[in-house]
Amino acid sequence: MVWPIRESLCITGSRIICSALRSNAPYPKFMNWIKTDGCHATTLPSFKEKQQEDHGYENMAEINGYMNLFGLMKQRFLNFKNQKYIKELEHFQSLAKAQYPKFMVIACADSRVCPSNVLGFQPGEVFMIRNIANLVPIMKNGASECNAALEFAVSTLQVENILVIGHSSCAGIEALMNMQDDTEPRSFIHNWVANGKVAKLKTKAATSHLSFDQQCKFCEKESINQSLLNLLSYPGIEDRVRKELVSIHGGYYDFSNCSFEKWTLDFKEREKNSYVVKEKELWC
Ligand SMILES: [Zn+2]
């Protein structure tokens, strides 16, 4: 499996495009410095060399066409502080005391699909967890990140909506689809994505006539619905859904054409391990 994390590091749409990272070459030592006009990593100095070269200018974000990643981060933080925090001081000071998000979001950890960027969520609006392939495992006893986050979001924050967001070209779903069913998981990644096995089986049953890529796309959506069903296995969630205190939604971000599908599951019509989709919308 080629895990496209390196490609994910490229920030297209800004001036930072590091094409060298798309190759399978080892990471360069000078990741803190990148050329701002479409870099070729092999032409860059090491971070140490750069520090010596730029002695006395360490705090500058951009020097001679090189952008210091932490300099850039600092610049962005100060922009946030000056352009947003200070301008909305009262709002941020009330957020410092408490949060009242209406949404809990479960999204993939992939760097290209940050829900706050894509859907414009603002501080205080969403309680979020992100994991590989945006999976909600069926509830198991014992501590887990998912258990704890769902308990806090539902019982303490009393969110009104839970939204599971998947996306196109998900490497986690590809890993799930590529797994041999008759072998033990071989890595932490396989061990995790195996939580989507039911979605994989449904996909295989429904799409045996399709190509592998098309099967993966189908599974990217099927696994969202399976995660939505799995949500009901957590304490209190099904009860809140039935009382209409919480709604459960699916979302799918296709970054190949920048579209977003949103739907809601109707659990009133639910039969065992099946679901009815309602309020389906395509934003494009
Ligand atoms: Zn993903």
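Numbers here mean position along the shown chain, with the first residue as 1.
Here the Cβ of each residue, glycine as well, is placed from N, Cα and C on the backbone.
Any TrEMBL annotation is an automated prediction that lacks curation.
Just so it is clear, the model here is predicted, and its values are computed rather than measured.
According to DSSP, Cys108 (Zn(2+) binding site) is assigned to a strand segment. Residues within less than 8 Å, Cβ to Cβ, of Cys108 (Zn(2+) binding site) and separated from it by at least 6 positions along the same chain comprise Arg130, Asn131, Ile132, Ala133, Asn134, Ile165, Gly166, His167, Cys170, Gly172. Annotated Zn(2+) binding site per TrEMBL: Cys108, Asp110, His167, Cys170, in sequence order.
Look at the binding-site residues Asp110, His167, Cys170 and count other Cβ atoms within 10 Å of each Cβ; Asp110 has the fewest.
Taking the mean position of the Cβ atoms of Cys108, Asp110, His167, Cys170 as the Zn(2+) site, the remaining residues of that chain whose Cβ falls within 8 Å of it are Ala107, Ala109, Arg112, Val113, Ala133, Asn134, Gly166, Ser168, Ser169, Ala171, Gly172, Ile173, Glu220, Tyr253.
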